[in-house]
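Going by TrEMBL, these are the annotated features:
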type: DOMAIN; residues: 4-68; note: domain 'DUF1899'
type: REPEAT; residues: 86-128; note: repeat 'WD'
type: REPEAT; residues: 130-171; note: repeat 'WD'
type: COILED; residues: 360-387; note: coiled coil
Amino acid sequence: MSRKVVRTSKFRHVFGQAVKADQCYDDIRISQNTWDSNFCSVNPKFVAMVVDASGGGAFMVLPVTKIWEIPDGGLTKPLTEPVVTLEGHSKRVGILSWHPTAHNVLMTAGCDNVVILWNVACGEAVVRIDSLHTDLIYSVAWNRDGSQILTSCKDKKLRILDPRKGTVIAEKEKPHEGSRPVRAKNFKDALTLQELDTSSGVLLPFFDPDTGIVYLCGKGDSSIRYFEVTDEAPYVHYLSMYSSKESQKGMGYMPKRGLEVNKCEIARFYKLHERKCEPIVMTVPRKSDLFQEDLYPDTIGPEPSVEASDWFEGKEGTPNLISLKDGFVATKTKEFKVHKSLLATTTSGAGSRQVDSTEVHSLQEEVKKLRAAVEELTERVKTLESK
């Protein structure tokens, strides 16, 4: 009599659970757009969602902790001015991705079949890849250190590109038989073939390199399937599935540094419904209150390792790893500054003269002080009038 051998894995009993209703984000009108993207992006501080609005292009940013910090006097003016405007695409932009190791390097792709790499600090389109993709670009992804990018396209080709040269390193035709959008992280032969269902919805894959777990979420589906990837055949092992009654319109994925390690949380998703955003927590059941080192190896932190100008000139960066043993403690992030290439010019009775950035900053500080003084005097006048 033969016995079925059960594969041992610390992730065999991972389970998903939606948070309570009072921890969801309600009364949010998620976009009805048919673009095949996640519609949601998350970091340890904020969750951003693409929302429905006249004219399109609107998104909402909310604190993850759901605590609003409003000044005592309320907001004095709406935030309408962008820090920097990036102009280069001729049609709608649907994909944005920050470089994993370089500071202020942004990759965008749009309906014009063009990929652009920007130095955001100076608002410059440094690399423009406009002749490789013959049809709509479905997805674009960096590799771990940002030395290569991988694109999937409606022409049924996967391409690995040198991002600085804008040239093709490798190409693969028809990775899937169907014509639906595809995404990929590795260009080797397929490890396995899994038929999930007959749904026509787009799969949104999320891979955790620390645990080797792949999570598959389908747009229009109501489940999250997860698999463990190992170095031994058959390589991909089905773990389990989280399912609920309502389908998802999009999905966000929290970086590892934003998880609650004291609760053995190994993943957190932000599921978009029609009118709300619902966090879903993936947990490994453990009884110990100690830090579980096997679940949390050092992971990628938020700090860049190379500046944009150096990266575009050829310098590579490696991911800065952080430990989660004491919980993630945010360090002072690098200030975002837009560097103007030209000096400001002012005109006076004696003619025009150049003003350097130090002088401009000093004037701005004086204006701030004057504005504060005027506001203080206004309040005093109101108080006296009321008496």
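Keep in mind that glycine also has a Cβ here, set from the backbone N, Cα and C atoms.
The average pLDDT computed over the repeat 'WD' (130-171) stands at 92. Residues in the repeat 'WD' (130-171) partition by DSSP class (helix H, G, I; strand E, B; coil) as 0 helix, 22 strand, 20 coil.
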